[in-house]
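This report refers to the structure that appears directly beneath it.
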Amino acid sequence: MNIHEYQAKTLLRRFGMPIPEGRVVRSPDEAVSAARAMAVPLVVVKAQIHAGGRGAGHFAHDPAGKGGVRLARTPDEVEQAAGAMLDHTLVTRQTGPAGRVVRRLYIEAGCDIGRELYLSLLVDRATGRIVIVASQDGGMAIEDVAEATPERILKDSIDPSVGLADYQARNLAARLDLHGRSIRAFTAVLRAAYDAFVALDASVVEINPLVVTPAGGLLALDAKMSFDDNALFRHPELEELRDENEEDPREREAARHGLAYVGLDGTIGCMVNGAGLAMATMDIIKMEGEEPANFLDVGGGATQERVAAAFRIVLSDRKVRGILVNIFGGIMRCDIIAEAIIAASHETGLHVPLVVRLAGTNVELGQDILSKSGLRIIPADDLADAARKIVAAVREEGAA
Ligand code: ADP
Ligand code: MG
């Protein structure tokens, strides 16, 4: 789960991260009041969306205009910046061309910037450790730095049995060319990031830029946090930070039904039981020259209601031009799948070609139920046959 910058900053501040003063607002009026209350000579108006690259982005209605991070010196400038961002679509490198609608703004005290560093913590799956990534080239996309000047990316990993050691922080500070009080400040920043990461079961903490002020202090000017979904049950307070506007509605609905679903960009919807079979199904759709619209594993012991919910999600996906159901019935019974498909199709309407491949427990019964349903269903014998048939059906439909 991802959260907004202002939420990440609120959390990180509790762990001792130095953060400028700021307030979240939802209207230009609130933005002006917030800026007035802060009584600072310069504020920064920042669009809150779950994507980075806001400063360098643009609004869809004004492609040549400014991005989602704007400086404002007067109440008028604050109001103008807020009005230009709220309810408008911000397009950045990370949002893709569709962009994201801005619904909240963060009004933050402006700060003097000496240098912009990069700092992040994430899990390295290969070593099973938290790894620290740091660079002197903050403020820009770290992917670009990694590509152009990989030697400027510093990495260190944290031994879980020891935790973050102070010497690691001092060592990194030296490699970042920090001196004097900045070294102590960096140690405190890294400690705060690490403590928050571990205590909140984060998967990413990213501070970009981590600013060195002209006086040598450090400030986190941007913050991103993601959390391990499998650990969210331990943090009900984090669940409240969820912003459903920022999530794929298909994934949201699937999560409500406890389904393993990942939305993708293709046109062939898939409903499969078993993660491995689901991956194989996606592969074979690609081999036939089309792209899957989703990953969906309905699991072994799903009820008819849950399978029907799964099928409804695939059916109501506007990108879907055809559906492939691939079930290998073990614990899952094919007749349950058949009943669920029929129930969901009657509710939502079956408006795209549907290929069903059933095998295993109660397969004859399942096929019988489907063939008597009156629905336009194309049966398939095996996985390859199913993939060929759905791709052919979708192309035929497209040509017609
Ligand atoms: P994004 O990474 O989405 O573009 P950032 O929060 O990193 O958004 O802001 C982009 C740039 O704007 C920063 O690199 C920094 O130079 C500037 N900036 C952001 N917040 C402030 C602030 N409070 N004071 C001064 N400059 C800021
Ligand atoms: Mg940033």
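The backbone N, Cα and C atoms fix where each Cβ goes, and this holds for glycine too.
Look at TrEMBL and you will find K46, G53, R54, G55, E108, C111, E116 tagged as ATP binding site. Within 10 Å of the C-beta atom of G53 (ATP binding site) sit 17 other C-beta atoms, taking all shown protein chains into account.
Sequence-distant contacts (6 or more apart, same chain, Cβ under 8 Å) of D222 (Mg(2+) binding site) comprise E5, G52, E206, I207, N208, P209. Annotation note: D222 (Mg(2+) binding site) sits in a coil segment as assigned by DSSP. Residues annotated as Mg(2+) binding site in TrEMBL: N208, D222.
Its Cβ placed at the centre, M332 (substrate binding site) has 20 other Cβ atoms within 10 Å. Residues or ranges marked as substrate binding site by TrEMBL: N273, G330, I331, M332.
Within the model, the domain 'ATP-grasp' (9-55) shows a mean pLDDT value of 97, rounded to a whole number. If you look up TrEMBL, you'll see 9-55 marked as domain 'ATP-grasp'.
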Cβ-centroid neighbourhood (8 Å) of the substrate site, N273, G330, I331, M332 excluded: G274, G299, G300, G301, I327, F328, G329, R333, G360, T361
Nearest of the binding-site residues (K46, G53, E108, C111) to G330 (substrate binding site), judged by Cα-Cα distance: G53
Candidates E108, E116: member of the binding-site residues with the richest Cβ shell (10 Å): E108
Close-lying binding-site residues around ligand 2 among G53, E116, N208, D222, G330, I331, where CB distance stays under 6 Å: N208, D222
